[in-house]
Amino acid sequence: MNNITTIGVLTSGGDAPGMNAAIRAVTRAGICNGFKIKGIYKGFDGLINDEIKDFTTENVSGIIMSGGTILKTARSLEFMTPEGRKKAYENVKKHEIGALIVIGGNGSLRGAMEFGKEYDVRCIGLPGTIDNDLYGTDSTIGYDTTLNTIVECVDRIRDTAQSHERIFFVEVMGRDAGFLAQNSAIASGAEAAIIPEDRTDVDQLGHFMERGIRKSKRSCIVIVSESPKCGALYYADRVRKEFPGYDVRVTILGHLQRGGRPSAHDRILASRTGVSAVEAIIQGQRNIMIGVKNNEIDYIPLVEAIRSDKPFDRKLIKVLDELSI
Ligand code: F6P
């Protein structure tokens, strides 16, 4: 088992449903394989401020079904500085942590990578983000649950949109990635999706309005990826000015997308990747993320996982286009 005796686990960045299932998997698989487990609270801030507790199997019982993260989370600014990481390493030494499992998204895995390069601690990432924007894994922990939450909300919005014959712009999360928007649009039968992957190519609203809201369709739903400048409010304003005559409403789903019971898919993904993270530590791996590609566990170097260009299947645009006539 090489010379590592203790594994630290933390969640970082935006919480995602399934993070608790991942904490449970890491803790239980670690204990099964003879490691001591340290739960680190509030992400990297907890590593810096020594908010670290011994974890037993009891700490993680009854949590697989709950959203959020029992370890709490944070986006640590201090950890982005060399001084912050130095303080964090003092606590790593104090608690004899030989390997650190970081459950989080892009920024969190970047932090883990820097830390693993600077100090003698094996950093292993688990893909925990609703955005699904990590390279090298088909899906991230939390993405499937969020997709289902959005679809449920849109089904409800559809009822009122049809009753009043309105255009609804529904804004969803995803940061710079359109996976949530495009796939929730397909799954909810929405008429269009406005996504960052298409932003520079075409005026997506113009395209949608010109192609025509079908005559018989007096109501429609457009899913819009969040964006500081071009979110749902921006498009609703444009329709009011450029296409008067339509009754327009906006719903910004916001943080309700991040909460709730994780889906079976996310619980299984979290459990598989958590167990594999412990296996990877036993094998002597470092600076990798555990992903699942084509239903097989895969090790992806952290430097690859955080690439900003996870492939977006453009055929999904055609699927929605053809099915929304
Ligand atoms: O990365 C997850 C995410 O939910 C993004 O989709 C969103 O842009 C961001 O976090 C919101 O962050 P916060 O909870 O800090 O407002």
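Here the Cβ of each residue, glycine as well, is placed from N, Cα and C on the backbone.
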TrEMBL substrate site partner of T129, I130, D131, R166, M173, G174, R175, E226, H255, L256, Q257, R258, selected from R122, R249: R249
Site co-member for ATP according to TrEMBL, given R75, S76, G105, N106, G107, S108, out of G14, G18, G30: G14
Largest tally of Cβ atoms lying within 10 Å of a Cβ, found at which of the binding-site residues R24, R28, K217: R24
Integer Cα-Cα distance in angstrom, R75 (ATP binding site) to E191 (ADP binding site): 35
Those binding-site residues in G14, G105, N106, S108 whose CB falls under 6 A of ligand 1, listed in sequence order: G14, G105
Other CB atoms within 10 A, centred on N106 (ATP binding site): 23
Residue from G14, S76, G105, N106 whose C-alpha is spatially nearest that of S219 (ADP binding site), among the binding-site residues: G14
